[in-house]
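Listed features, source TrEMBL:
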- 1019-1063: coiled coil (COILED)
- 179-189: compositional bias 'Polar residues' (COMPBIAS)
- 35-134: domain 'PH' (DOMAIN)
- 232-359: domain 'PH' (DOMAIN)
- 904-998: domain 'PH' (DOMAIN)
- 179-203: region 'Disordered' (REGION)
Amino acid sequence: MSNDFEIKRSGLSISTSSFDAFCEELSKNDNKLESHPLRGWMKKKSPALLKGWQKRYFMLIENPQDKSWKLVYFDNDKSNTKPNGAFDLQAITSIQQVSKKEFTINFPGRKLELKVKPQDTYQKWVNTLNELRLKNNLERTKRQVSIDQVLNISNDSPIKITSNHKIVDNITVQQAQAQKEKQSNSISIEPQKDNKKKQDKEKLNQLSNEKMIELCGLKEFIKNMNEQFIYQRMIYGYLGKRSKGKVKYFQKRWFILVSAKPLYQEYNDEKILTEAQLPTWLELDTITYFKEKEEGKPPEAKGDVRMIDCQEIIIKDMSKSKESGFTFKLNMGDRLYHLMADSEQERMKWISALNLSIKTTKEIQNLLKIKIKKNIDPIIKLYDEEHQLMIRREKIRQKLEQDISQILVQNDQNLTILVKQLSELRQDMLESMQACIVKDPQRKDIIKEYTDIYHEKICDRITVFWDEHYKQMQLPELLILASWLNDYLNQMKDFFNDDRIIFGIRVLFNIYVNRQLENLESILNSIIEQEKTQEPTCNDQQLLITQTPVDLFKIINEGFDMAYKLCPCKEISLKLAGFGKTILQQYQYGIQEMIDEIQLQIPKLIAICNNTLALHDNTKNYSKILQQGGNLNEEEIDKIFDSQKITKNFVQIANTCRDKIFYFYFSRIGMHFKKSFLELQIIDILKIIIEPATETLYQLHDSFSRKLWKQLLDQIVLYYFNQFIISCGKAKKENQKEFNTKLENDKIILIQELETFIFEKQLLASLKPFDDMINFMNEESLSILDPCKNLRMYFGRAFTEKTIKSIMCIRFDLDKEKKKDTIEFCKNLIDDINKNEPVENQNRIMEVLGQEEDEISQQSLNQQFQQNQQQENRRADIFLDFRNDDQLLIPEQQEKRSSVEKKEFIDEGYLNKKKPKQKGWDYRYVRIRKGQMYWYINANSREAQNKINLQNIDEVIANTKKPANFKIQLEDQKIYKFKTQSKEECELWIKSILKEQNQLDQSLLIIEAIKIGNGKKAIIQDYDEIARKERQLQKQEERKRKRLERENEIKRKQQEKKLLQQQQLKELGDKPKLHQVEAFEQQIEQSDKNQKQSTSCWTQFLIALGIERPK
């Protein structure tokens, strides 16, 4: 027999000397092993190189047929799982202890390395495996295993087993699953008797509820509050909580929950407990449970259960359970909490309180994000007690009127008391309606009761106060009342709409604006008067100005600041836009009237021109104030304020002043061009014309002075060439060259003298006729048409056929035929231009270029200036209307869509995304779906990397510096940045996100507002407008009375005259002579003539006073 066989045989042999002792010891442990088979978690080292240690659940399973044992392991300890493998203990060759927690089981062909802790469990596994291995060997010895069998075993294995431990027979699988279902009998679980003893011991040692409240720090909290108020919102006590580990058992914990509203039906109040009133560690409607420590030490908080997350409370049927007690479960969606009470009464008490807490926390943390401040349950309970509608409405009316009487305890002696009391009433009404709207279902019937009682009480109170105090109310008080009504309207717009409130706000704004304008009328008149009397001063740029722009816009800006501060709303911004427009129009009307009627000095005219620039800038700034400070859009500003029209009026006023300045200095330009063309000294003429005006015009802004100098240059060129054409008809042959030379030299002189006053481009454009005239005098045949066309376009219809004939007189280089042909060509060209060009409306200084009548030209210049002046006087766009109805209307925005709509929204596509603390950009595919914004690696990805809940977005902000970028800011201040390919795409994404967010808000809860107030008396009456109409009516009646008196007086005089004439005829006798009749008729005619003259004088007197207009 070989050595190998001896070694293997020795592993199977048992010493005969200790055989009997071993059998006795083994028989003692049989019952223990059968009743408590060993099982538990151990770590198994995988034979694979890279997997290492794996946690597995091991069990010892006995085969009932051959009484053999197997070591079976699983992935988990659930009863419905199959084993991963099984090792036959008969095949064990030896068990080697490696360390205090690691041992190795040697099988033929492989090693099973295991780890287990603690030490007692480790030792238990080693001892049990050794005992079972010895027991299997004993059974084999009793059967007297033959040497041949041993030899066969030694060649293969200690016993005939399956070569692969991964293959587990059905008997072992069934036994393993049956054993796993008997967890209560496992020797690895603490016996029930021990658990019961432990629970009884814990019950004896647990502290009282009062002691736990004191140790948690709630005693001082309760002491500082109304005890009844806080105790009705608390539930606390000991409950058993099942552990969440592998071994399930109940542990005693002390639970406490504090709710925002009462938890018990028999008690109710209308207050809401807030988290600010609680200790920092305690949350409303959240169960907090504690583990006791040593006596006197604060307990340890082990966890929180938020009732907002609780989906249902389940009462567990204990009749089918092995556990004892009164258990209920909290289903949190992702977890179940098993809690056990000591009695059925205590269990139902907890369940009832927790159900109320769930209902309360859902109302407090509602989807509308309304902050609930009142407990409406007592009023709902009172309303629902009665079944008849009339009775329940009467009961709630009495309750609400009682609440109103407790708030409105003072008489409304002034606006401060009124606003204070109505604010308290409004707040109570708002809190009640908000509490009704978050109910499930919504209690719109209660909202209707509050509207009928509270709202009507508020309206009646305001109406009574207004009727008594409207005359004494100051301007700020009007805005304070309007602001209160506007806030009231905005707060109640989701619950009801009352047109009386909107109308009342508009009436108050109208009264405020009209009274303000009436108060400012004298100030505006004084500002206009200052333009007449105040001497202009020079600013830093040495330009003449007055204080008018500053004073004028100080009134407007201060009016806006004061009004918007007292009533910051869009409606007052619209009124203030009309207010500013009216102020500026009144100033424009007054200043235009002053310019037309009074001969102002040149410095004042210059100052008015210069003021136009400041007025334009201030007008533009006021538009920005209305847009930024008043929250108006450009369309609303253009419609109400109309800054373009205001600026246009200022420019017209400045042009009128500029024309007067030009007429003052340059009205007699033609007097300097009476000499023949060759005798004209242009340098001397410029010196005479320009020098007197230069010093004064330096004080005029460049934008006006350059136009004035340009106008002067155009006049000089006109008279210059008029004299040139006149001289052409008288020139001799030798003068042709001199004319050309003089044209060239004079052009150079004009450039040198005027280049400092006029821009180079404008200067060269005005002097272009010099070059065209030189070409006209030197070109031949068809080449002359271009300069002819340019001269016609410059001088207009004054450049006629007669003008061409005069110029051709100096063309001695052409014979008569060529001259005739050239004149004919030019004539046809001018006729074509005149046909296509509309006739000029204004009179020209010269009808025909080349006239010799200087007086006619001068009269034409004066006539043109007078007509321009009359045109300025007749401007219809400068007007003043204190009660312009268009200014008082609030424009309603309407959505307009084009017939061919482009792609307006985008719900998916590629974007560059940057994380909150990331430097680089990630290229991601983004989708907007069902209120979420997802992003993926690419368009084909099935799983999103992350998402944003659009309900949590606080703001979507476009990047002003980088138009293609935008960012999303969440409510928790987290920011996500995105980058698109273009500005248009960026705007499209922003629009789509906001649209999806708005749809979510609308789908959460739709509140239909109740419409009331139709057909009822207005809250605020415009008594100022009523008084104004009454005054107008009185004036009409007065005028009618005076007219009747005047007509009666005329009739009386006519009757007296008729009677007098009849008496005079009687005195002449029955047959008067012819000369007597003629004398009588002449006397009557003279009387009628005198009467007509007197009437004419009276009419002229009325016209002078401005009462009547001339016919």
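A Cβ is built for glycine as well, from the same backbone N, Cα and C atoms used for every other residue.
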Within-chain partners of the coiled coil (1019-1063) [C-beta distance under 8 Å, separation at least 6 from its ends]: 459, 462-463, 466-467, 470-471, 500-501, 503-504, 507-508, 510-511, 514-515, 1084, 1087
Structural state census, the domain 'PH' (904-998) (DSSP three-state): 19 helix, 41 strand, 35 coil
Residue counts (helix, strand, coil, in that order) that DSSP gives for the domain 'PH' (232-359): 25 helix, 47 strand, 56 coil
Helix, strand and coil residues within the domain 'PH' (35-134) as assigned by DSSP: 20 helix, 43 strand, 37 coil
